[in-house]
Amino acid sequence: EQVESVVIYWTTPFLRDKATLRLSEKFILLLILSAFITLCFGAFFFLPDNSKHKRFDFGLEDVLIPHIDSEKEASLRDKIRADHERALQEAKEKLRKSKEELKAEIQTEKTKVVEDLKKKDGPKPLPPVPMPKLVGVKDGDPGDPDTKEKRDKIREMMKHAWDSYRQYGWGHNELKPIAKKGHSTNIFGNSQMGATIVDALDTLYIMGLHDEFKDGQEWIKQNLDFSVNAEVSVFEVNIRFIGGLLAAYYLSGQEVFKVKAVQLAEKLLPAFNTPTGIPWAMVNLKSGVGRNWGWASAGSSILAEFGTLHMEFVHLTYLTGNPAYYQKVMHIRKLLAKMDRPNGLYPNYLNPRTGRWGQHHTSVGGLGDSFYEYLLKAWLMSDKTDTEARKTYDDAIEAIERHLIRKSNGGLTFIGEWKNGHLERKMGHLTCFAGGMFALGADGSPDDKAGHYLQLGAEIAHTCHESYDRTVLKLGPEAFKFDSGLEAVAVRQNEKYYILRPEVIETYWYMWRFTHDPKYRQWGWEAAQAIDKYCRVSGGFSGVKDVYSSNPTYDDVQQSFFLAETLKYLYLLFSSDELLPLENWVFNTEAHPLPVLVNQHLK
């Protein structure tokens, strides 16, 4: 067995493309025989010349055979002998080693072969592109001690969430903080892709938690692999993974994040292989096969999913020089522009096979929300040159105001949902992001409506604060109604939960940036205290099932977006405006900051 191992070890460099081949005994004997013949031939060829016996006495030796003088020939002979002696010595040393040591050496050599092949067949280096202007990526000290103390508390909460994940769920997508083990959902398929690591990176960075950031970076470098047989949500993987990796790249300048983002993006492109170019909701990262959610209106794609790719895909084209990403999202925009819209509203469902709308359900909450957000942010990210995106946003918001926004009997402004010609007077927690969106889009509004939209943002923020304030835990429910005498209160039991969502705090932050009204910091601090009091457990942070109960049960999930969004927005709320200024950065829908691209005319 030792002889066999030695022969394999010796021959490995010559079998690099077949490193795992097992040699039969006959083949080993053949190898030994061929080596012996080669040795004899070498001895014959290089033996000292004899004047009576020319090796090749054809009269052409000076032409066909280079002349070797006696000194060079002696030197060459000595070199061959030395090589043979060294080879024999190495063989003796190998034979003295144990079977385990030989196996370890062979495995090391195999690993090196695999790594060399990966380098040979790996992705081509990305073209060098100028880094966009990066402003305010560090510090953001708020100045006054009271605000700084609150910001330090948010940082401590982030450290508790991260350290718990690091200890109990490392490498898993999310954490079960009560059971103290890893957790995943179907949006990530059946794979362990470290969603919390990727989602949390930029938050760690801006908070100055650099040791934790380096731990995450090392895991991504060594373990984040997209060649897995896993069916994932195109939307979720885009906003969390591609968005998170791009933000980490821009903030830190570490190339590994850019490379991984591009590798993943290439795996998402097959999702666009539909008759209309509207992507499937899910794609298998290995096979490229796509499909839609079974529950989504007769096989439809969802507006908030295929409409929330623009920011990340524009940056991918910028970084790679590959126009495919930009072309895919612009095709979606052009297709939507040609379609009739009932009452000027965009339905939540579109069939990717037929190009027709599904059921006429319109929402600024789940299923619709970030489509409108990305229209506005496409304009902002283009340094306000993408006027087509701005016009599309303005037209959509005008229709939403006309058909979906109402005032309750108690004076609360809310955004309802349009279902088959009827307005449902219910608002979701997800919809609460819209207050911040209206404020962000106020500047640049048509007909001098900037003041109007800033006020509308403030009214939505107030309504969403009421949904928090009217609960026992001072945390908002998943959805709340405005009828039957009840306002901003959840009615159904399955709408009373809070799963660490960020949308209300997101709106507080945007309103703070644009108004500096101290109530927004006060409201944010109320929410932070409630989260720390009712959601914090020894193994992290958990959602709660009933915000109206003084003794709630936990859902035992620490969502990755809690670290990506909720804690980031809280930290920014208690930081100065110099940290990630909105003139230079645009946040994707998972709160990953991407820089404004100045003077970039993509095609």
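Yeah, the Cβs are placed from backbone N, Cα and C, and that goes for glycine too.
Summarising the annotation, TrEMBL assigns coiled coil to 77-112. Among the features that TrEMBL reports, compositional bias 'Basic and acidic residues' is placed at 136-149. According to TrEMBL, the disulfide bond annotation covers CYS432-CYS464. Summarising the annotation, TrEMBL assigns transmembrane segment to 27-47.
Across the compositional bias 'Basic and acidic residues' (136-149), DSSP assigns 5 helix, 0 strand, 9 coil. Long-range Cβ neighbours of CYS432 (disulfide bond) (same chain, at least 6 residues apart, Cβ-Cβ under 8 Å): ILE460, ALA461, CYS464, SER467, GLY476, GLU503, VAL504, GLU506, THR507. For CYS464 (disulfide bond), the Cβ neighbour count at a 10 Å cut-off comes to 29, with all displayed protein chains included. Averaged over the coiled coil (77-112), the predicted model has a pLDDT of 74.
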